[in-house]
C-alpha cells in the first residue's frame, strides 16, 4: 500500500488547498468543492490517519507537513478547518513558499483553555482528556460525540451532524493512533506567539455560536493581529462551511481575489 497521502484535485484556476479537522476527512468539503471548482484548482487532502490516508500516521504538525509537502501545490491559498487550521498555520509559518494566503476556519492558535498567565478561552482541558479516555474505549462513539459538539448551537445542528457523519462514513474510518495524536495536538499546541511571524495575507473565519472556539478568541486575535481580516458567521457553530455554505464560499472568493 502506498505511504503517500490521498489527494483529490479538481477545477481550474489558482490553487486552493482544503484541510479538514479532527476525526473527519476531506469529504466534509464536498459542498465547498462543488461551489469553488469553477474558479479554483481545488486540492482536498485526507490528513495522515484519516479517510483514504488512514494507513498513514503523523505524531505532530511538522510530521503532517512533511507528508503534505510530497504533493502540495506551491503558492496556494490554504484553508484549514479546526485542527486543519493549525496545520495550515504551521505551513504558513514553516513552509511559506507553499502558502500564498492563509484562511483559518473555526480554528484557534491554542484550542485548550487556560487561566495562566492570561485568561484564554477554549476547550476545557478536562473535556479533551475525557475524549482521550473515551477514544481508547470506543472511538466511533467518541467521534459521533465530537460531531454533536461541533454542531451544537447551530439552527441546522441536526442537518450539520448528518452531513458530517455521511462524510466520515463515506471513507475508511480514521486510525485510533492518529486520533490520539490529534487530540494531543489540540491539547498541547500553542502558536499564539508565532502568529505575528506569518508573512502572507490571513483571513480568520468564525461561527458566532461555536462552543469549541469561543467568539472571544476572534476578538483577542483581532487585537493581536490587526493586519489580518476576520469574518463571523452569525448563524453558524463550528462548521460554517456547511451551515452557511454560500456566504462561506463568497468570503473565500472575495479574499482570494484581493
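Placement of Cβ uses the backbone N, Cα and C atoms for every residue, glycine included.
In Swiss-Prot this protein carries:
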| type | residues | note |
| --- | --- | --- |
| ACT_SITE | 82 | active site, nucleophile |
| ACT_SITE | 210 | active site |
| ACT_SITE | 238 | active site |
| BINDING | 22, 82, 83, 146, 147, 148, 149, 150, 238 | substrate binding site |
| DOMAIN | 16-244 | domain 'AB hydrolase-1' |
* Rounded distance in angstrom between the Cα atoms of residue 83 (substrate binding site) and residue 238 (active site) -> 12
* Structure fact -> Of 147, 149, 210, 238, the recorded positions lying within 10 angstroms (C-alpha) of residue 82 (active site, nucleophile) are 238
* Could you measure between residue 147 (substrate binding site) and residue 238 (active site) for me? Cα positions, answer in whole angstrom. => 9
* Rounded to the nearest angstrom, how far is the Cα of residue 238 (active site) from the Cα of residue 22 (substrate binding site)? -> 12
* **Cα separation, residue 238 (active site) to residue 210 (active site) (Å, whole number)** => 5
* Can you grab the distance from residue 149 (substrate binding site) over to residue 238 (active site)? Cα atoms, rounded to a whole Å. => 8
* To do: Translate the DSSP assignment of residue 147 (substrate binding site) into the three-state scheme.
  => helix
